[in-house]
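Residues or ranges marked as region 'Disordered' in TrEMBL: 99-224. Positions annotated as compositional bias 'Pro residues' by TrEMBL: 110-123, 135-144. Residues or ranges marked as compositional bias 'Gly residues' by TrEMBL: 173-184. Marked as domain 'Zinc finger Sec23/Sec24-type' by TrEMBL: 322-360. The feature domain 'Sec23/Sec24 trunk' is assigned by TrEMBL to 399-643. The feature domain 'Sec23/Sec24 beta-sandwich' is assigned by TrEMBL to 648-732. The domain 'Sec23/Sec24 helical' feature in TrEMBL is assigned to 744-843. Under the heading domain 'Gelsolin-like', TrEMBL lists 864-935.
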Amino acid sequence: MSQQGYVAAPPYSQAQPGMGAYQGGFGSGPTQPLYGHYGGPPQAFSAPPAGKMHLSVLNITFFFFVYLDSFSGIVRLENSLHKMCSFYFLVQGLQSPPPPASSVVQQPFQTPPPSTMAPPQMPPGLQSPHMSPLMSPPQSPPESMPMASQSMAGTSMAGMGRPFPGPPPPGPGGFQQPGLGSAGQPGYPQQAGYMAGPQQNMPGAFPGAQSAMAGPPQKKLDPDSIPSITHVIEDDQVKQGGQVFTTNIRGQVPPLVTTDFTVTDQGNASPRFIRCTTYSLPCTADLAKQCQVPLAAIIKPFASLPKNETPLYVVNHGDTGPVRCNRCKAYMCPYMQFIDGGRRYQCGFCNCVNEVPVFYFQHLDHMGRRVDFYERPELSLGSYEFVATLDYCKNNKPPNPPAYIFMIDVSYNNIKSGLVKLICDELKTLLEKLPREEGMETSAIKVGFVTYNKVLHFYNVKSALAQPQMMVVSDTAEMFVPLLDGFLVNYQDSRAVIYNLLDQIPDMFADTAESETVFAPVIQAGVEAFKAAECSGKLFIFQSSMPTAEAPGKLKNRDDKKLVNTDKEKTLFQPQKGVYEQLSKDCVASGCCVDLFLFPSQYTDIATMADVPSHTGGSVYKYSNFQVPTDGEHFLRDLRKDVQKSIGFDAIMRVRTSTGFRATDFFGGIYMNNTTDVEMAAVDCDNGVTVEFKHDDTLSEETGALMQCALLYTTIGGQRRLRIHNLSLNCSSQLSELYKSCETDSLINFFAKSAYRAILNQPLKNVREILVNQTAHMLACYRKNCASPSAASQLILPDAMKVFPVYMNSLMKTAPLVGSTELSTDDRAHQRLSVMAMGVEDTQLLLYPRLIPLHNIDVNSEKPATPVRCSEERLTDSGIFLLENGQSMFLWLGQASSPDLIQSLFNLPSLAHLQGHMCALPELDNPLSRKVRSIISGLLEKRSNSMKLQIVRQKDKPEMLFRQFLVEDKGLHGGASYMDFLCYVHREIRQLLT
């Protein structure tokens, strides 16, 4: 490459429309329209004129208001202590669109006809709040507009700055605080008999949840009248599905992760790479503290892109390397402002003025923009890569291509189950599909093989050999690799010897009686191999049981159900210190990622065994009571995905921000040696790192807030590169803007990771209380500062967060946060570690599974089946439903399922003939069978993990497993229903506002 740098082919040779939205190198952002009372000074509240609301009245016995206020973008739910009252559905707003289907209340009671009222008119000069901010100029709110009262807008609310530093501090800001509640926490007044968190001995977990229903038993509220995740997902798909999301507007909220859309990069990173909890940051730390909405970004630096989106461009500046700011070291990006005829540029992050290197100079056009703007990805795109120079390499030497080492436990259990033979047979074909650089015919990745029980067996598979050679290391205390030449080889060169080895391994150990295994020395052997070969790589370890053989890292059974629901329960999630802690450090230093495939039949102390994978960017897969006929294909799908996924090695990530805020905390499968550098032995397309930000100064509404994620890594071809993702956010002194720009899916990802980290140090009860308290605080702050005045009995939810309580309630019912002796300690530890490395789409699906009715699908339609709400009330005795959450998959068969359906799916005359423990559908040649199998295979292909299909019949014992995923219902092991949780949160909010 010449010193003139990268010159891209079209589309960079033509100007791209829409780039004009950048003003002065992301200086002043687009002017925001003023919505109602948010834009002006607080005024006395005046009621809307008569005849300006739509109102329908339905006679039922539980008083519960649902308001959708399209003008201020809020949902309101209201309950009352009245024994016999009416249900009101009210849509209020200025020229509001018709309410979504989820809001139309259908009740099986006789009802008066809805009142017919004239639709409200929009005052002159006001735009719809759904219009693009670039389309609508700012307008002064008309004096007749309902405004927040002085007391509403002017009082602040204090609270904790982050979810889990300990108990929330008392705060004087706006809440009357009558002292300690029953839980003993300041600032949270509680009534006698009520506790601030879920109680395990109560079936609904919230004993005060029914306080709104005093008096005799009352008829149940229609769940369709409260916010629904399925409707939110469906509405977003209708509005933005199939659309192009162009990233040229600062602070633009992207479509939901569940929506099918295409991204065009025009200066900000795609939401596939970065999503934020809010796209409008509060200008001051006081505002952030007041609202308690966490400020965070979830970054998936290696996220997969659909085929119709352009892969990242690679920029090569030769020996000079990428252009960077002299002061803050930010990389050249669209936020740098060129001045002085192009000879200097001002950094958008630290405002330092830098000289432009001679080779990089270019003239400016009449707009002050470089004339090569569209020819340089780093000036016009949000995401791109630089080829790194030797300065970015270890020891200033170019790296070698990475290696994969397959390490197979050949103890008695794995041989007897048939697992070893299954792995060896699969590797013969799988090694043909190792990931390779684009345009390359073969993979540069080298491969090696180890088998082990109490000792380790290394194999020489050098291409010149006629037969593989085994070398045994029995001194596990001082692990070393007994051979250098011939251990890590190119698969294509040594294919015949490797085939020979894979054929021999199952036979070599067929008669073994050895049941004890080692584990830490296996990882240590991989580290030593990578050190000797001067390369990074990944270990694929297939382990059957807890390591009990005498060796470093030997573990003892410490599973103790008596600790559940005590202050010592946290020790069940903590890894045992010592050997594994040091191993994690060694692995990261050597670029050695560990993926662990576990096949346990009893407790294995996953909290400790998964410690190294969880700090090296690796994954842990668990197959309890593994049997080849029922679990074999499930395991092989996981193995294939794992081996073939796109990945980078020996990675270091740093997140830089513009002045006024900074990255303060990081959650993920990562290792941190200091407070800024996120180290990962490997980073793949599924790894998500959640980053929390805090203010260190005041932010400017004019310039906004900028962040740059820089990832230095080694490619699978052995090239050192820098992957850059840039994102610009709005800043606002109006809390209403923050709430309007929130993304619930990102928020719940942050809360899940925060809570799962907190349970390592705090009792579960405290963690659950903090989750409930922060939920109440966020919603109370919105009610106090953003919503127009209304009756105290109303629960008011921001439109962007209206389904947040569903997710929060579901999170609190997940295995790690539920103290139940019926749950496996290993399963709880495994889920905790899995979630820590998840991106937004994975946590969204985990916390709200898809429940898809299959009995009424149109077999001829290409349109995907529409999911229903995750509740038992949606199941029908005659129905067939598919449920999946990215980790588990169930096919639920109603007891009155049509014999025709059963015949079409299973080739059986009736449900009674179906045998238990089926895990696959027979391949039948009829439209329904083909359609259902197509849906299942599509989901398995789409998700990052394989899912084992479990077929359950209504009222059979295995159905209990299925029911724990119906997250809107009461939890099997404790936890409230969605309705009860909503009532409980409402009561907490009212107490905070009292």
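Quick reminder: no glycine exception, Cβ is built from N, Cα and C everywhere.
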Would you say the domain 'Sec23/Sec24 beta-sandwich' (648-732) and the domain 'Gelsolin-like' (864-935) are touching, if the rule is that at least three C-beta pairs must lie under 8 angstroms and be 6 or more residues apart? no
Worksheet item: Should the domain 'Zinc finger Sec23/Sec24-type' (322-360) and the domain 'Sec23/Sec24 beta-sandwich' (648-732) be scored as in contact, given a threshold of at least 3 Cβ pairs under 8 Å and pairs 6 or more apart?
Response: yes
Grouping DSSP H, G, I as helix and E, B as strand, the residues of the domain 'Sec23/Sec24 beta-sandwich' (648-732) number 0 helix, 56 strand, 29 coil
On average, residues of the domain 'Sec23/Sec24 helical' (744-843) score a pLDDT of 94
